[in-house]
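Right, one structure below, let's go through it.
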Amino acid sequence: MVLTDKIGRTVNYLRLSVTDRCNLRCMYCVTKDFKHIPHPDILRYEEMLRLVDLAASMNISKLRLTGGEPFARKGFMDFISQVMDSHPEIDLRITTNGTLIEPLVPELKKIGVSRLNISLDTLDRETFKEVTGRDHLTDVLATISACLSAGIRVKVNAVAMKGINDRELNSFIDFARENPIDMRFIEFMPMGDDTKSDSRFWSADDILEQGREYVNLIPVKRTAENRGPARMYSIEGGKGRLGLISPVSSHFCATCNRLRITSDGQLRTCLFSDKTYGLRDILRNPELGDDALRKVIAEATVDKPLGYHLLEQRSGCEGVCETQMSSIGG
């Protein structure tokens, strides 16, 4: 079974959030009055594995495990192993803040994890504390170093924020020049009730222009391996690359191939939409089997919207959707 929407996009990528908990409090991810999902509402690992099994049967070939911070959930390493053992054919990726996992890197390598996306918005310790509310920069840098030493490919994701990390672009480029990483900037997307979005927005085009004033950035031709949303640039004389992801200024809705399932079992077909489809109650109803889940997933996929239409309708002080990013799963 192949998942296809009403405008002909094939969906083959699932982002599965295993928790909304995180050991950081990033300014763009949660607000002071943020409330966690109650524990009984969080999917059990066996329920998540059932969803992965279903996804694989529906031609999902790429799976990304996210949070919150996925490694903050007890038993996550065992869950990774179960997924890898059950579906060695799936391209498994993990997104993490990198603060908890330096000691786990050898085991991650052993069980077959070959790549990680690590969130890092700044290389400055004081700015890190300002952005995340915690003092863990050295832990993240140690994790990146350990991954590279172990042969795990690393993509570093930084949310581009004017007035926060725009002054560090040259430092980030140097970081990528010195290390074999993809250093990717993602345009800031206001979520939930964020009202500071316009003042923080730093466009991908502005980043590229600023970066080219510092170093020669050479466009990387798109290939089957490089078919994601990032525009990639090699750095002259460098080991790594610079990437730009522009969901706001230059959307990639026409080629979007992904679904999201939150840690409480809500299926979301578009990051810019608040429409959800409940899977948890079906999972926990003994009278409903996998066919009921397939039906919901297939019908939701058919109605997958073109998100930029929704983005165009928002006012400058509104988030792209009403839900906090930590609840959706970045």
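Every residue, even glycine, has its Cβ placed from backbone N, Cα and C.
According to Swiss-Prot, the residue from C147, C270 that belongs to the [4Fe-4S] cluster 2 site alongside C253, C256 is C270. Of the residues proposed, M183, M189, the one Swiss-Prot records at the same S-adenosyl-L-methionine site as Y28, G68, S119 is M189. Among the candidates R15, R212, the residue that Swiss-Prot annotates alongside R64, T95, K155, R258, L259, R260 as binding GTP is R15.
Using Cα positions, the member of the binding-site residues C22, C29, R64, T95, K155 nearest to C256 ([4Fe-4S] cluster 2 binding site) is identified as R64. Taken residue by residue with DSSP, Y28 (S-adenosyl-L-methionine binding site) is part of neither helix nor strand, so it is coil. Rounded to a whole number, the C-alpha distance linking C26 ([4Fe-4S] cluster 1 binding site) with G68 (S-adenosyl-L-methionine binding site) is 10 angstrom. C253 ([4Fe-4S] cluster 2 binding site) falls within a helical segment according to DSSP. Among the binding-site residues listed here, namely R15, C22, T95, K155, C253, C22 has its C-alpha nearest to that of Y28 (S-adenosyl-L-methionine binding site).
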